[in-house]
Amino acid sequence: MFQMAKRAFLSTTLTLGLLAGSALPFLPASAAYADPDIAVTNKQSFSTDVIYQVFTDRFLDGNPSNNPTGAAYDATCSNLKLYCGGDWQGLINKINDNYFSDLGVTALWISQPVENIFATINYSGVTNTAYHGYWARDFKKTNPYFGTMADFQNLITTAHAKGIKIIIDFAPNHTSPAMETDTSFAENGKLYDNGTLVGGYTNDTNGYFHHNGGSDFSSLENGIYKNLYDLADFNHNNATIDKYFKDAIKLWLDMGVDGIRVDAVKHIALGWQKSWMSSIYVHKPVFTFGEWFLGSAASDADNTDFANKSGMSLLDFRFNSAVRNVFRDNTSNMYALDSMINSTATDYNQVNDQVTFIDNHDMDRFKTSAVNNRRLEQALAFTLTSRGVPAIYYGTEQYLTGNGDPDNRAKMPSFSKSTTAFNVISKLAPLRKSNPAIAYGSTQQRWINNDVYVYERKFGKSVAVVAVNRNLSTPANITGLSTSLPTGSYTDVLGGVLNGNNITSSNGSVNSFTLAAGATAVWQYTAAETTPTIGHVGPVMGKPGNVVTIDGRGFGSTKGTVYFGTTAVTGAAITSWEDTQIKVTIPSVAAGNYAVKVAANGVNSNAYNHFTILTGDQVTVRFVINNASTTLGQNIYLTGNVAELGNWSTGSTAIGPAFNQVIHQYPTWYYDVSVPAGKELEFKFFKKNGSTITWEGGSNHKFTTPASGTATVTVNWQ
């Protein structure tokens, strides 16, 4: 009962403060009144967080004694291909002086912390270094130019004390640049295990790497099984490599990291990544999101499939492209922005878990000399109040510019807290913790034309309404605006920083008003929930016996019931129950997709759909079929007797289409699949052309999977 009263008091206090026009203070997650769903200890959900992506080397040099020497280092940071000296101590210093807390960010996404190559590489007469962190050599040691293991632990401890989570970049796709015929080039892609050499790219007799040439990106298969540029590409079907990465990530999880950003997931087999994610969720589950680069706003079926089946979220490139087109490049309008919001909500099972952003280290920065500051500020406001987990690239708050690599990775120019962009972020970021409509809510368009977008976020009784006019010279008359805001007057959360105004709502309608040219305004209302309402379940995949976290509002203080489908979980299987968070053990039920519900005080919550229960621990198996000839339009698919193989379905849960170009060539087909460990599988292949299915004949193929590691099973078409 105390928990419910505390929530009601906090909600009422924050709402009244906003209606009075006062600024919302930053509420550190370690504060005594913080609820568990918004706390720094919640590693399974980042719905209430704002991420700040920092290139460690480019932020701040806090310890000059660990800087490189010689040709790898430029103290002036004028040569952006060399190390500039930024390190974890620099991040610690800015955590301690409250730069991040004052900005309102509650998670730092740092460069990959592992040991990178020490060699410099000459490309076209230009010396290159591994300052970016993506040329790894040992995934179980730190990059000494960033700091020691003790420094890294200090970074995590310091961040947590300030209510800030730490996300590490992690790149299991490759080591470093290598040439098959020249072992002296760079470090030959060598991989080390805590200082012990595992192997190099040349004379790779153990098959640790792929040797299929460089990718031309012409197909998904080509991108997975060929090298990304000249980077030594791992063969994850190798049992040694599989174990190496499952062990390596546990080392960083045991250090206390709160999240993982996985590099180049488009270039690693889904079957291995799902197995890897399962091992993470068994060990220490944390929020994980991957980089699947999309070059345009167009949807990609493989991208969507990965987001819905891999067990991790993605960086939302569709969001990024739409925002840049509308606010930066002026090549699209608000209808396209609204269309993106609607289409991604349909395509992604957990759209609120996708990580939204306006720029990063792999594209031109949002800000250029030709882009008005107000457009950047509006893009930030839109991102911070939209669905998804917002990520802000370092220096954006200082209007840092730069087109392409390496200019988009320049040194942090200043740490001013007085810029308008800093002010916008600092005012809007805390809403993710104070108003569940921003963290968990649905999105509904309320008023729109080419230049104006008014949208509403809603979760239970809590509401936020956002209005943006991108036209920098013409105000907009807003009439007939409907809203879920209760009757009353509402001040702009931004306090007029972006020329927003106050509004009055009466019986679901907002009085007509003028939205100034270039204005953005945010109005919000929060209220305590008296009925259970689920906002997030994380992770979204697990085996029976794993513990998952349910976040939301109105669960009460007395244990109720959690349902996975129709299976009720009660008693000791619910390890904790608070008004905003429940921790529950996955029951022993048949594997498959389930809707999760909560029942409290005789009332059922909304359904949180698409939770995946696995059969058990996972291993990766490569399924190969010979002599499978097809006609034009046909592809080969796989199905079998477990949920991971589609439970004999020929629909969307079947595996495929299989590949036939790189590892094996037509009429041999193959596919890497995450399947239950130590289990006898029965399976068959089939040909599919639209709705026409042609099964292979004979009895079911059978194969018993290993208890760990990887395997390959090869059969002939029957």
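Using the three backbone atoms N, Cα and C, a Cβ is placed for every residue, glycine included.
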Binding-site annotation, Swiss-Prot, Ca(2+) 2: partner of I224, D233, H267 in N173, N308, N320, N325:
N173
Can you tell which of H174, H536, H610, H664 Swiss-Prot lists as binding substrate with Y134, W135, N227, L228, Y229, D230, R261, K266, H267, H361, D405, R409?
H174
Between D230 (substrate binding site) and D362 (site 'Transition state stabilizer'): CA-CA distance (Å):
17
For Y134 (substrate binding site), which of the recorded positions N63, N67, G85, D87, E291 has the nearest Cα in space?
E291
Compare the C-alpha of L228 (substrate binding site) with the C-alpha of each of the recorded positions N63, N67, G85, D87, E291, and give the closest one.
E291
In sequence order, which same-chain residues at least six apart have a C-beta under 8 angstroms from D87 (Ca(2+) 1 binding site)?
T56, D57, L60, D61, G62, N63, N66, Y145, F146, G147, D151
Distance between R409 (substrate binding site) and G85 (Ca(2+) 1 binding site) at the Cα atoms, whole Å?
13
So what sits near N67 (Ca(2+) 1 binding site) in its own chain, CB-to-CB under 8 Å and at least six residues off in sequence?
D61, Y73, A75, Y83, G85, Y145
